[in-house]
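For reference, the structure discussed in these notes is given below.
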């Protein structure tokens, strides 16, 4: 039987998942997105050419791979069409390779308007959303008033449902947020113009994946954002609106939970975060600036500067627990090149002076936390593009080994550059 592998982030997103998914799809037959929306930003560099994907799975660039958007994804028709056009203009036959669950909730213009209005109303307490309507779309889904891809099969019913839900949301926009109403006729016309394209890509995803599993095809599940942004297990309320953890694979795709064989956690060699929220190891000094500059830490989706800091092994251990991680892929090791010393957070000192090795559950619990560091020697040699473990400086190997020791999880893959070729696979997830 074929192996089913999950690839997800262990931190606050931006760990480098896209490149690793693209690399591993050389063997996969299917790549599945199971949560999030076009708030994700997965950057791939292949033969020097850069591709940024927000909604379509990273496997779309491979000709023998089927890409699937599962029911756990909130789908913006406008964003999908834009992304499809960009890929098709470059010669990728997206409509032959991409399929969509009819249960995907739709993100429409009023969701974006609500997202923006709410962030503005929060003022200094803004969460730092991407402003793309993700949260309001998930809210509609849970409230059972959301429109889904499958609703487009009956255009008259869709129009009636849209009118009802827009009356509700426009009332909020105008009377509570003092914002402009969203035009119903425009929203309807925009969706109807591409409805047939969307419905033409619909499949029964659960049935498709179960058949693939029984045939022994290799399936990869591509996570978006990161564990610490999970709606339930993240730094609430500074989180995204979906389950970014491994548990979201089954609910967001329709595959049974027993059929996940290996969970690969992507861990950046240091920490970054976009937007507001707790970040115990954040650096505000020259080292923080160094990490930002060397790592080109600007969001692929928003362009915002990412906050930077040392690797937080306490937070990563939480990701190990929640996701039952099988192994790590460490990315951006080369960004640490040239530092005289490298620090690793192994515990927290609480405001009362006590030391803990677990993370708080709510954002308030993080207040006043001080990181407790181990300091390791840095290295002056370059690790960029190194393709063998023996080719790494001894200090870099010692750092990797220490991360393995404090987390209890092996580093199975090491990324030393943005190109898919700049990677060493010590243990292939599909063979583990």
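Every residue gets a Cβ built from N, Cα and C, even glycine.
Quantities reported herein were computed from a predicted structural model and do not represent experimental measurements.
Marked as active site, proton acceptor by Swiss-Prot: 14. Residue 14 (active site, proton acceptor) falls outside any helix or strand according to DSSP and counts as coil.
The active site, proton donor annotation in Swiss-Prot covers 42 and rests on sequence analysis. Within 10 Å of the C-beta of residue 42 (active site, proton donor) we count 25 further C-beta atoms, all protein chains included. DSSP assigns residue 42 (active site, proton donor) to a strand.
What Swiss-Prot lists as GTP binding site is 13-19, 41-43, 306, 332-334, 415-417.
Residues annotated as IMP binding site in Swiss-Prot, with sequence analysis given as evidence: 14, 15, 16, 17, 39, 40, 41, 42, 130, 144, 225, 240, 304. Taking a C-beta cut-off of under 8 Å and a sequence gap of six or more, residue 225 (IMP binding site) has these contacts in its own chain: 9, 12, 13, 36, 39, 40, 240, 242, 244.
What Swiss-Prot lists as Mg(2+) binding site is 14, 41, and the listing cites sequence analysis.
Under the heading substrate binding site, Swiss-Prot lists 300, 301, 302, 303, 304, 305, 306. In this structure, residue 304 (IMP binding site) belongs to neither helix nor strand by DSSP; it is coil.
Here the binding-site residues are 13, 16, 41, 303, and the one whose Cβ sees the fewest other Cβ atoms within 10 Å is 303.
Neighbour density at the Cβ, taken as the number of other Cβ atoms within 10 Å, is lowest among the recorded positions 14, 333 for 333.
In the structure as shown, the Cβ atom of residue 304 (IMP binding site) sits within 10 Å of 13 other Cβ atoms.
Working note on the binding-site residues 19, 305, 306: by count of other C-beta atoms within 10 Å of each C-beta, 19 ranks first.
Taking the C-alpha positions, the distance from residue 130 (IMP binding site) to residue 303 (substrate binding site) comes to 10 Å.
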